[in-house]
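**Student:** Let me begin by handing over the structure; questions about it come next.
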Amino acid sequence: MQQQAMEEDGVKEEEEEEEEEEEQQQVRRGRGRAREEKERTKLRERQRRAITARILAGLRRHGNYNLRVRADINEVIAALAREAGWVVLPDGTTFPSVSQQQLQVPDLLPPRPPERDFAGTPYVPVYVMLPLGVVNGNGEVVDADVLVGQLRVLKAAGVDGVMVDCWWGNVEAHRPQEYNWTGYKRLFHMIRELKLKLQVVMSFHECGGNVGDDVSIPLPHWVTEIGRSNPDIYFTDRAGRRNTECLSWGIDKERVLQGRTGVEVYFDYMRSFRVEFDEYFEDGIISEIEIGLGACGELRYPSYPAKHGWKYPGIGEFQVLVDHADRVLMLARLAFEGSNIAVKVSGVHWWYKTASHAAELTAGFYNPCNRDGYASIAAVLKKHGAALNFTCVELRTMDQHEVFPEAYADPEGLVWQVLNAAWDAGIPVASENALPCYDRDGFNKILENAKPLNDPDGRHLLGFTYLRLGKVLFERANFLEFERFVKRMHGEAVLDLQV
C-alpha cells in the first residue's frame, strides 16, 4: 500500500511538473507574441510618422498655414491621407493602398510652383564672402593677382561688394594692442579700385574645425598663453573639455587678459580698425561692420563643436546670451559711431519640429513651441541700432527631411520666425546661405525669403551675402546661375523663367 501511494504521488508530481512546464511555455509564447506585436506597433508608428511628415512637408511647402508639430490634428492628417489615396484604419494605422504602394514619394506631392517674376521688385544688394584665409598670418594677400581677376568677374556680374573677415588672431597675434593691418590695407585698396563695397567682420573667434573651414587661424598667441595657465577663459563642457574657439562670456567683466576685460579687448581692436580705415568709412566703401559675438562669429554658445566630436543633427550641450550681446554692442556702437553694424544669429534649424527645440536651447536660444525666443534678441539689436544677419535662407524643409528625417529640421519655419521677429521689432534684416549653393532651386528659395510674396508691408531683406568665393563658383554652369540670381535680386528681368 505504501509503495502504491508513493507511485501515485510520483505520478501527481510529474503531472504537476508537466502542467507547470506547459504554463511556462504559454507564458513564453505570450511574451513572444507580445514582443512581436510591440515590434509591429513600432513599425506601424514609424510608417505613420513618415507619412505624416510627408503630408506636413507638402503643406508647409505649398500651403500658407504653418502646422504646429504635435498639435492635435490627427483628424486633419487622416482626412488628408485619405484624400491622397491612403488607407486609415480606426486605430490610426495608416498605409498606402495597393495602387499607391508603387508610387514614389515625389509622386505624392504636387510639382513645384512656377518661378516668380522678380522684375520690378525692390533692389537687394548682393555681396560675396571672400576666402577665409584671403589675408594670411604674415599680413599678405594670398594669390592677389588671381583674386583681382575674380573680383573683376564679380563686378561685371553686377555684384555690389564683398565680405571680409578681419581675424583677431592674425591682427593682434603676438602682443596686446599691437595691431598689424598691413594685409587688409592692401586688400581693401584692391577692392576700392574696382568700385566694390565692403562688409567687414570683426572675427573674434578661431577658424578651423567647423564646416567649411579650410584654414586654421587660432586666437592670438598671447591669449592662448594666458589660457594655458588659466583655462577658465574658455567655455567648458560637462566632460571638462575646453573649447578654444572663442573666449567665455564669463570674462566680459574680468581683468584676466593682461589687465583688460574681454569686452575691453574687443573694444580696443574695433577702435584700432576704425582709426586705421577711416578713409574707407568716410567715402562709403565700408557699408557694414558685422560684430562677432561667439562661436563661428555668431551670437550663440559653442554648443555643437565639430572638433569635439559633434555630428549633425546632435542636440549639443548647455554652456547670458542677450547680456553678452548688450555689452559688446554698446562698445561697438561707440567704436563705429555713425556706421552700420550687424550681428549674425545662428540658424539652428534641427529639432525645430519638436516642442522643446532642444538644439536651439543648448545654443542659447530659449525658443520652445510656446515662446518666441528671438524677440528678445531683436529687441537688444534694436536698442543698439544693429541689423540682424541670418543664415540658412537657401534650405528647404522637405529636402532636409528626405536626407535627415531623424533631425526633425525645419529651416523654412525657423527663417520665417526670425525674419518676422526682426521686422516686427523694426530692425533691418540681411541674410546669407549656410551651405554652398549653385543650383536654381537654392537661389529661388533665397529670392522667396528676400522678397516675400504679397507682404502687406512690402518688407524685404536689407542685403544678401553669398557663401563663398571659390573655384567651383566660377565653373560656367554655376556662374551663369549665380549671375541670373544677382539680376533677380536687383529686380531685373530674366528671359528664361520656368513656368
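Cβ coordinates come from backbone N, Cα and C, glycine included.
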**Student:** Do you know which of H205, H384 TrEMBL groups with D165, D213, K344, H349, T391, N433, A434, R468 in the substrate site?
**Tutor:** H205
**Student:** List the Cα distance (Å, whole number) between R468 (substrate binding site) and E432 (active site, proton acceptor).
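**Tutor:** With the alpha carbons as reference points, the distance is 10 Å.
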**Student:** Return the residues near E432 (active site, proton acceptor), defined as same-chain residues 6+ apart in sequence whose C-beta is under 8 angstroms from its C-beta, sorted by sequence, else 'none'.
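**Tutor:** Residues satisfying the criterion: M129, K344, N389, F390, T391, V393, F464, T465, Y466, L467.
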**Student:** Just counting, how many other CB atoms are there within 10 A of the CB of E298 (active site, proton donor)?
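**Tutor:** Its Cβ has 23 other Cβ atoms within 10 Å.
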**Student:** In the structure shown, which of the binding-site residues D165, D213 has the fewest Cβ neighbours within 10 Å?
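**Tutor:** Comparing Cβ neighbours within 10 Å for the binding-site residues D165, D213, D213 has the fewest.
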**Student:** Please identify which of H349, R468 has the densest Cβ environment, defined as other Cβ atoms within 10 Å, among these binding-site residues.
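**Tutor:** When each Cβ's neighbours within 10 Å are tallied, H349 leads.
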**Student:** In whole Å, how far is E298 (active site, proton donor) from D165 (substrate binding site) when you measure between their Cα atoms?
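**Tutor:** Pair distance, Cα basis, whole Å: 13 Å.
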**Student:** Are there any residues at least 6 positions away along the chain from N433 (substrate binding site) with a Cβ closer than 8 Å to its Cβ? List them or say none.
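**Tutor:** T391, C392, V393, E394, G442, I446, Y466, L467 - these are the non-local Cβ neighbours of N433 (substrate binding site), listed in sequence order.
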